[in-house]
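Taken verbatim from TrEMBL:
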| type | residues | note |
| --- | --- | --- |
| DOMAIN | B:107-128 | domain 'HTH cro/C1-type' |
Amino acid sequence: MKEETIINFTHHQTAHCENGVVSNLMKHNGFSVSEPMVFGIGSGLLFCYIPFLKVNHAPVITYRAMPGHIFKKFAKRTGIKMKREKFSNPKEAQSKLDENLERNNPVGLQVGVYNLLYFPDEYRFHFNAHNMVVYGKQDGRYLISDPVMEEVTSLSEKELEKVRFAKGAFAPKGHMYYPISFPEKLELEKAIVSGIKDTCKTMLAPIPIVGVKGIKTIANLIRKWPKKKGIKTANHYLGQVVRMQEEIGTGGGGFRYIYAAFLQESGKLIGNEKLIELAKEMTEIGDLWRDFAVEASRIYKNRSRNDAGQSENYNQVANQLDHIADLEKVFFKKLKKAI
Amino acid sequence: MKKEEVPQDKSNLESANFRELCYAIDENGEYTTANSTGWEPKTVALNNAIDEINDRIEDAKKRVLEGKTSPIEYHMELHKMDVGILASYVGLWQWRVKRHFKPSVFKKLKMNTLQKYAEVFEISVDELKTIK
């Protein structure tokens, strides 16, 4: 490969990596699509409790669709064709990447976070569904646009290979992807409607671990944790719930604010006043998720505090979640009717 | 969340000198974005998670010294891994990795098995056999 390839690619920081890569690649190809638009059309919003799986020795809750799904649904609903490749051989993965860069084609990569050296140490966990764009190579280093970072960065060949071939759940296996064909004109209206319908359906699904019902299930579990698991473990679990909700990438309030931004933008785009009103409501619900995080943090602030009051505090934050679940149930029923 | 309410608390992001992006509304109720240096409720949660890991490392260390487990478990905790993750990195079944936690089994491990673990932890085989 040539000594130096730098594609003229503009980095825009986003809240979440998957939306960010899609939005930035779309912009690179001349389609101005915002992060909330990608998230909403790709039906990114979710609440799901994943039983039997533990991460960092605590239960897992996700506030967004499974890795890759936002991308897939967005592409399908807007008529974009994607090329995806996975590799068993790291050398082949690298040469395919180099080929694309030489063709002036920036690509998305799925990577593991644990060996991403530019992340603060405290954030480096074994999480394999992070996404970034590679837009060039200079002095043997790959030029990286990581959507959650403010600025672009770079990784050596060895460093990039390591994160592309991280192991464990959702192992990326060198996963590389990029758009190969676009519709003549981007028809967003239909895509917005399908995106919203899909989200309403999931959030109102009659499954105890998903959507509104999933929130209720977690509220009930939280009530039981102090007695069943002991305060110390309960505090660890509760801390993880807040981390999943607020950690880098959610844009705040477990993705509720990004979703509100999507509803507002869509309402204006397709001239639907109801969506603009509902965006306000979703913002208020997002604020309640933030309040829940504040109350929860008062509980786990003292990691090993153990007294009768703690159990009562657990009941209170669980009540907050029940209230949110009730509001979201009403909200998604209204949203379904609004389109 | 209003734009001026986007929290600017001290956090672990500071060390890497970056701020994350949040979505918030401006004075006209229009959605916009703002950078945040951190938010206390999640900084506390993250710090607790790290303390939890450090406790696990200390506990593993103690058990290695007491001859109850092998240094592999200690190095696994040090790398924030669990048995599942470690097994996929070394390319062995989980039950085999768990077996290698037994000090008696660990002592008899072949050089190339030790090598595999050492490579995953990016240390030498000698370092694998010791703990700091």
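Each Cβ is built from the backbone N, Cα and C atoms, and glycine gets one as well.
Taken through DSSP, the domain 'HTH cro/C1-type' (B:107-128) splits into 16 helix, 0 strand, 6 coil.
Within its own chain, the domain 'HTH cro/C1-type' (B:107-128) has Cβ neighbours under 8 Å at 71-72, 75, 78-79, 86, 89-92, 100, counting only residues six or more beyond its boundaries. Mean model confidence for the domain 'HTH cro/C1-type' (B:107-128) is a pLDDT of 96.
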